[in-house]
Amino acid sequence: MEKQLHLNLLASRPPMAGGFQSGSKMKMGPGRKRDFSPLPWSQYFETMEDIVVENENASAYFIILSISISLTTVNIFRIYCSGSHGPVLLLLHGGGHSALSWAVFTAIIYSRINCRVVAMDLRAHGRLQDTASFYFCTWDIGKVVEALYGDNPPPIMLIGHSMGGAIAVHTATANHIPSLLGLCVIDVVEGTAMDALNSMQNFLRSRPKTFRSLENAIEWSVKSGQIRNIESARVSMGGQVKKCVWALSSLQFFPWVSNKESSKKRAKEDDQETKKESIFTWRVELSKTEKYWEGWFKGLSALFLTTPVPKLLLLAGIDRLDKDLTIGQMQGKFQMQVLPQCGHAVHEDAPEKVADALATFMVRHKFTEFKEGYLW
């Protein structure tokens, strides 16, 4: 039971017997080797951009590309975008993940409805992570929106998964997005999240600390059940792991070799072997964010229920509902849909189902329309 609870925050439940989700586009026949090679972001998004904004003590935003920028006074957020018309779907990823976790979903939803998509790397995450700052504030989301659209932003649908879902709720209630249309939260519930916090560190320690290659990390993510859709794993794991800089030098691994000549020979041999493997590790040390965990999730259900916009809650299982949300759902305060046979990364495991649920929700509320020619 304890293991099941902490998986709600980060990892998926164990893989189903008999293989991967039917939603995966990489089902292989008997005797064929699965392809775990990485896929490029450009296969799913139209553009990539780095947004630079002043830190939380500043009062303005700016977009600039200059090597003279001091990283102590600004924050840089990488965003991936598609589309130029219609409402904006602003996508916030879960803890330890990156904007690339939305890649496959983005390609599907963009083919369904008239919309624009913006997926952003949250603070301390993604390829531009600042490891000195793990505090995730709603200010970040508002400033990125301001940097993109100025004082007159288009209608925005805020969508968040796990930790990103918590940030989405706090952002909505703080009114950092004045043009907010609606709110969608994916597989995060206050009750189960708070229960899981005590065992989260044990879970993080149980993960591999390093991988021989990016392909090896992708393979682990699929076989462990963290991501059940192999296509999504191939594009999103590059945002979760990075090559270790220290792995290129083997001298530090053998400090006990005293003879100078044998030391040089051993270093050369081991350096060649290390370079072959190109060790990868996690981009984000999630254990260092522990002091923020309670603040992300405490009071989340009440905030979600009081947000004055149409709301959609997508869950991997009905067992994730807590008391407040159960009552709110019976009172019709939000729409809920359960997507069974998914792990915690619902939008990666079943991107088509999530896209269909969100598209239907937005069309029903007249936020947008289905694209011409799309049969639903």
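Heads up, the Cβ atoms here are built off N, Cα and C, so glycines get one too.
The local packing around Ser162 (active site), expressed as other Cβ atoms within 10 Å of its Cβ over all shown chains, amounts to 27. According to TrEMBL, the feature active site maps to Ser162 (among others).
The feature active site is assigned by TrEMBL to Asp187 (among others). When other Cβ atoms within 10 Å of the Cβ of Asp187 (active site) are tallied across all protein chains shown, the result is 26.
The Cβ neighbour count for His344 (active site), using a 10 Å radius over every protein chain in view, is 25. Residues or ranges marked as active site in TrEMBL: His344 (among others).
According to TrEMBL, the domain 'AB hydrolase-1' annotation covers 89-357.
Residues or ranges marked as transmembrane segment by TrEMBL: 58-77 (among others).
Nonlocal intrachain contacts for the transmembrane segment (89-110), taken as residues 6+ away from its ends with a CB within less than 8 angstroms of a stretch CB, comprise 9-10, 39, 41, 43-45, 78-80, 82-83, 116-122, 125-127, 141, 145, 156-165, 167-168, 177, 229, 231-232, 235-236, 238-240, 282-284, 286, 289, 344-345, 347-348, 351-352, 354-355, 358-359. Positions annotated as transmembrane segment by TrEMBL: 89-110 (among others).
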Integer Å distance between the CA atoms belonging to Asp187 (active site) and His344 (active site): 7
C-alpha spacing of Asp187 (active site) relative to Ser162 (active site), in angstrom: 6
